[in-house]
Structure formats: C-alpha cells, structure tokens
Amino acid sequence: MNPIIFIIILLTIMLGTIIVMISSHWLLVWIGFEMNMLAIIPIMMKNHNPRATEASTKYFLTQSTASMLLMMAVIINLMFSGQWTVMKLFNPMASMLMTMALAMKLGMAPFHFWVPEVTQGIPLSSGLILLTWQKLAPMSVLYQIFPSINLNLILTLSVLSILIGGWGGLNQTQLRKIMAYSSIAHMGWMTAVLPYNPTMTLLNLIIYIIMTSTMFTMFMANSTTTTLSLSHTWNKTPIMTVLILATLLSMGGLPPLSGFMPKWMIIQEMTKNNSIILPTFMAITALLNLYFYMRLTYSTTLTMFPSTNNMKMKWQFPLMKKMTFLPTMVVLSTMMLPLTPMLSVLE
C-alpha cells in the first residue's frame, strides 16, 4: 500500500473516533462510526488473500448492522423526545437498542462471533488497531449514555462476555484468536462496572489498551502467530520471550502485575454497591482466562515443545525493527500495581 494513502486512511480512522467522542448530536456520532468502519477495511485487506477478504466482509456486515440498530434507536428516541442530544435516551426501547448496537460494535457476547474470525483473518498490525483503537468510539458513547442504560441488560451482556471470553480461549492455539477472546472478556469487565463507577471503566480500558498494544507489538517483532511459534521464540529473542510471558500473565490478572489492578478495583467497587453474587461469579470466571494464559506460559517454558512436524530451530539475529516505545509499554503493562493507592481519587 502507498505510504501516503496509508497515512490518510489512519488519519480518517482517528478523525472518525474523535468525531464520535466530541459530538453531542446523534447524526454526527453515526457519521463518525461510519468513517471509522469504512477507513479500517482497506487496512484489513492490506494482504490480498481470501482470509483477509472474508474477515473484512464479516466486519463490514456486523458493523453495518450495528450502525443500523444505532440509527433505529436514535429515531425512536427522536420520536419520543424530539431531541438529537447524545446525553440522554428518553425511551426504554431506544436505550435497549442502543446498548445492543454498541455491544455489537464492541464485540460483546452474544454478538461476539465476528471478533475471533475477523482477528484471525487479518495481519497482526490490523488486529492491533481492531482490538484497541476501534474500542474507543463505542465505549465513549456508552460512557455518555450510562445513566439511561438498562442495568439488567448491561450486566447480563457483561457476565456473558466474561464467561464466553474465558471458555472460547481454552481450546485455541492461534494467538490472534486468544487475544480476541481476551478482548471479549475485558469488554465484559469494563461494562460490568459502568453503572456503578464509569471512571473505573475508563481506567480499565486504558490498561487493556496498553497491555494489548504491548502484546501485539512483541508478536509483530517476532512474527509470532501460533502457540508453536511462540514456544520457539526463547531461542530467537530470549529477553523478549520473558517480557511476552510477563505481559500474558498480566493480561490474565495475576498479582502483582498491572492486570490485577482493574479486576481488584472493579470487584471492590461492585461489593461496595451491595452486589456480591455477580463479582464472585466474575472472579471465578476470570480463572478461565488466567488458565489459558498460564498454559501459553507453560508451553513456552518447555525446552522442547511437543510438535509432530520437524521444525527448524530459530537462530538468534539482532532485531532489525526499532522498538522505541516497547520498554515503556512493558513497564506499564506489568508494574502499575503499586500505583493503586493513588487511584483512590476515582471514588
């Protein structure tokens, strides 16, 4: 792809998200979502192969359906209130449709089926944009309309997402699919605390984006896409392999790493609001995610990974790609837990 065209497309994606985040008019929000969706499709199809085409088509169809639901919710709201203002939804039907549309855009269960398939079919760099930047716009709208969201609906969606994000990743060997299921589970954690403390949702989103960006950057540096190729990285880049494993465990929420902080704070916030059964269930279900991250870590630490094919050993070469921000990202992904007392201002 021509570098100038690529930069224009990236700027369009950024502009689309910014329009959604700063708009107070529903029509502008919808336009921002459409810009965002149409701009990322050429990036997904950077590699011309059937898998990328299929993934882009699936993404286009699901996002179009979500945009249609969003517009339907806006029109119903307009009929009852006569207003285009983003902040408040005056009708329960409009609120329900809007929540479902945003859940579909975020890839939350039960609208999650497109996320693993699309992530698996596109390059790692496109997967990084899809699982990080593309979450900002829908999450910002959810943050703005949270007072009028149906509590039971959003909690049902979040619990389903945490459960399916854990179960779905158990049987995977493809790292992109594992990251996709991890994304579904993280979206569940974010939306579970949204009705109680929306600022906590933003904190969780920031930490999730940092950890996912770090993981994808290291996968791209090593061209790692499967459990098998991950198990051979120790011979190629031993230091980076250790960092990958630490970040994986952080994503699983293992103390004393950064990923434990949002889970701890969310459970604390929900128990303060007299919700006991739900956080208990969420904490138990989080062990599913931790299990498949631990399994990846274990398989990588084996001296010889059990594989049927005769795979050549990787050789240590100096990395040609410049990794300027990687040390900072790894530190943020693994060592933020001591900052937790400073975040008491969120309450």
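For all residues, glycine too, the Cβ spot is worked out from N, Cα and C.
Record features, source Swiss-Prot:
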MOD_RES   MET1  N-formylmethionine
TRANSMEM  3-23  transmembrane segment
TRANSMEM  25-45  transmembrane segment
TRANSMEM  67-87  transmembrane segment
TRANSMEM  96-116  transmembrane segment
TRANSMEM  122-142  transmembrane segment
TRANSMEM  145-165  transmembrane segment
TRANSMEM  178-198  transmembrane segment
TRANSMEM  200-220  transmembrane segment
TRANSMEM  239-259  transmembrane segment
TRANSMEM  274-294  transmembrane segment
TRANSMEM  325-345  transmembrane segment
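Counting only residues at least six positions away in the same chain, the Cβ atoms of PRO42, LYS46 sit under 8 Å from the Cβ of MET1 (N-formylmethionine). A Cβ distance under 8 Å defines the sequence-distant neighbours of the transmembrane segment (274-294), meaning residues of its chain 6+ beyond its ends; these are 155, 159, 162-163, 165-167, 169-170, 172, 178, 182, 185, 188-189, 192, 196, 248-249, 251-254, 263, 266-267.
Long-range contacts of the transmembrane segment (67-87) within its own chain (CB-CB distance under 8 A, at least 6 residues past either end) are made by residues 23-27, 29-30, 33-34, 37, 93-98, 100-102, 104, 141, 144-145. Put simply, of 3-23, 96-116, 200-220, 239-259, 325-345, the stretch with the most CB pairs closer than 8 A to the transmembrane segment (122-142) is 200-220. Beyond the transmembrane segment (239-259), the same-chain residues lying 6 or more positions past its ends with a Cβ under 8 Å from any Cβ of the stretch are 182, 207, 210-212, 214-215, 218-219, 221-222, 224, 230, 233, 286, 289-290, 292-294, 296-297, 300-301, 330, 332-337.
Beyond the transmembrane segment (3-23), the same-chain residues lying 6 or more positions past its ends with a Cβ under 8 Å from any Cβ of the stretch are 29, 31-37, 39-40, 42-43, 86, 129, 133, 136-137, 140-141. Following the DSSP three-state reduction, the secondary structure of the residue listed as 'N-formylmethionine' is coil.
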